[in-house]
Ligand code: NA
Ligand code: NA
């Protein structure tokens, strides 16, 4: 009952147009008052903001966003998008596919999907819009491209899962590679189908071809891409050579972007100030949503609804596959309302014990659960990646959710494949054993 | 009344701008500090032992909190509007003001509760032992400042004679 | 019936849960009957590890395992337990530390001032040095090494040994060691597998004393005082039972893990007496530095260190 009141209140506040972060916090606090004494609510409120702001991993968000903003401010992001479009321009929806490609590359350097989606959105949206892409579809594409960060290693989600379950973090990383690439391909496929079914989503390639030619020959345009390529090499190199941790690599990327663009004479003081301001705005918005979501999460914890659901499934005594499907269903449901990391921390101890007890592989389970987390990041009403993309671009989140819908369908298909064929996930880790 | 509101609003704007300038400078400083630390560790096996604590408990809190209200004012918020947009103008305004007031109250409580933690640390002069003694109060102070500013901003917006459009900085 | 909320930040499979909070609650429920019941919130669902002490203060938790390493601001002297070079097994450390924190003990004041009552204490067997590159055999081998540190006293220890402490967030330790961002870390045997370190480590010492981490399950004083004297006794008795069992299990487990890792081809080694003496000599500087800094703030650090050493039976 409490859970229905709390979720109902959240939905009511969100649709009355209150900023999402505040809606989460207010409904969380009011619902908490129903369940626990006032001093406890106050105690939770005293900690939540400082806790959110003093999280070292949070640093990835401003740093990757700053990197993207600097790329945008210097015009290098636009050069890249134009070149990508030239390359993929003959294909309808080429630029959207370029976003997925960029998302995959960023995913290999970053473990945070929030940081990833914010960077893609800052870098790609202005160009996509100016070329005539549908706004909602653009936001959906960026939000979904950002989810790749938690499947393609390194991934914070796998680290958390590995620590909780004592499954091998290394094996989880390797196991995530094929599902991650498969997901990226699935998104590209979705784009090519979607733009054929709904032609208004993407501009006609012939029309942009005219526009593109104004920027010089193809070779000239490709030639302009090298600063970005250099930056990608710096970021990936910094991580894989051991120069920096995944959290630090964003700072090096941002610093690199600043230095490169300054050396090319493409960065004015004004542009640096604008990029910094945009980064601050995005960061403060994300932080407000995170601590609001944490308060709502505390309420969810007090209802003990997650335990109850998974325990109930465990208790009824069904066949292993029915249990598996039910638990996956629970994850998809929870993913709509809760922060993905909160879900993993709260439920994985129980679900991992139940499902490995039934004979399922723990690493494979990690892939399945992270896949549901990817989906949860883009499903309404609480879809963090869509919120971030829409916050960065100013497009309304409901348009973003609409734009993400085709990708969610593809994600569900991939989830089905991963469930049906564990070998997709386990082939590589077995090979390297 | 309107005049007073205008004066207060401008005053808060000045505070927000100052906060944003400090936060922005700290953001760039973080970028340099973290990069520098990684380089020192990699090239000379001589990392800055204070970097993580300084960044995590002071710089990050400062930059997120001092930029909070400016970020909101300059369009850093998202809301779902398809339902409210169908309401008649006057009801829509009423709903928006009520939402802003509730948000202001919520953020005000966050500010007061964090202030209490700050005050306790300040009065008792508590420090965390690291390579140096880190004063706890200076890590917390940014939370009440940032939240109080944001709460005031939300209150001013709720009581403005003409409602400002939320979000949509672009 | 009194309902008490037990809160902690560790995963439910972590030793804080399975060897601490859970057996203690079971013991209490068995012996105290229906007088008390618990609401159990593990895994940081309502309060994360660094915030547990404040969670007790605000009433978010009635009972919480206070992580001594995170509360040097409120309980600086209690940090004596984490200093390197003191105690060689979990049993030794826990037995001495438990006496120090109970009423009348040398650390009891810090608990009284915060209006909390210690129920049981836990401490890992002393940390060991784990290397993913060359083996660290002696004091000299620390030179030029980048050692992952959790911060605080561990930074000082690594510096005294001649290494470079790199503070790396716990969740990034695996990636950092695998990529060579750091080439060694200080870890308890029990913390190796949760972070999959056995996959990438080449060697691990087994007789070093590089400090430990301790949690003290503490209860709000007003809630404790509200219990009947019999129930209070049950809480403490179960506490002593829990902490002893915890320490014995951890010591035995460390030995088993050492064997298990050796079977994986990892070099599990002991420092020679001379090398160990040199290392512990360097670590002694951490103790004197700790005393100097706390004394500077007017705290009886030397008395505390001496008293704790007496309880441990070391000179
Ligand atoms: Na990743
Ligand atoms: Na969702």
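Just so you know, glycine gets a Cβ as well, placed from its N, Cα and C.
Straight from TrEMBL, the features:
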DOMAIN    A:7-424  domain 'TRAP C4-dicarboxylate transport system permease DctM subunit'
TRANSMEM  A:56-75  transmembrane segment
TRANSMEM  A:95-125  transmembrane segment
TRANSMEM  A:137-164  transmembrane segment
TRANSMEM  A:170-198  transmembrane segment
TRANSMEM  A:225-243  transmembrane segment
TRANSMEM  A:249-267  transmembrane segment
TRANSMEM  A:279-300  transmembrane segment
TRANSMEM  A:312-334  transmembrane segment
TRANSMEM  A:341-369  transmembrane segment
TRANSMEM  A:375-395  transmembrane segment
TRANSMEM  A:407-428  transmembrane segment
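Most Cβ pairs under 8 Å to the transmembrane segment (A:56-75), among the stretches A:137-164, A:170-198, A:249-267, A:279-300, belong to A:249-267. If you look at the transmembrane segment (A:407-428), the same-chain residues 6 or more away from its ends with a CB under 8 A from one of its CBs are 140-141, 144, 174-179, 182-183, 186-187, 189-190, 324-325, 328, 361, 363-364, 367-368, 371-372, 374-375, 378-379. Packing against the transmembrane segment (A:279-300) from elsewhere in the chain are residues 3, 6, 10, 19-25, 27-29, 31-32, 35, 44-45, 48-49, 51-53, 58, 61-62, 65-66, 69, 114, 118, 122, 306, 337-339, 342, 346, 382, 384, 387-388, 391-392: each is 6 or more residues past its ends and has a CB under 8 Å from a CB in it. Long-range contacts of the transmembrane segment (A:312-334) within its own chain (CB-CB distance under 8 A, at least 6 residues past either end) are made by residues 306, 343, 347, 350-351, 354-355, 358-360, 368-369, 372-373, 375-376, 379, 415, 419. Within the same chain, residues 91-93, 96-97, 100-101, 103-104, 107, 137, 141, 144-145, 147-148, 151-155, 158, 161-162, 363-364, 366-367, 370-371, 374, 406-407, 409-411, 413-414, 417-418, 424-429, 432 sit at least 6 positions outside the transmembrane segment (A:170-198) and bring their C-beta atoms closer than 8 Å to a C-beta of that stretch. Long-range neighbours of the transmembrane segment (A:225-243) within the same chain, counting only residues 6 or more positions beyond its ends whose Cβ lies under 8 Å from a Cβ of the stretch, are 67, 71, 76-77, 79-80, 83, 105, 108-109, 154, 249, 252-253, 256-257, 260-261, 264. Here the domain 'TRAP C4-dicarboxylate transport system permease DctM subunit' (A:7-424) returns a mean pLDDT of 87 for the predicted model. Below 8 angstroms of C-beta separation, residues 10-11, 14, 20, 24, 65, 113-114, 117-118, 120-122, 125, 135-136, 138-140, 142-144, 146-147, 278, 282, 285-286, 289, 293, 331-332, 334-340, 343, 401, 404, 407-408, 411-412, 415 of the same chain, each at least six residues beyond the ends of the transmembrane segment (A:375-395), sit close to that stretch.
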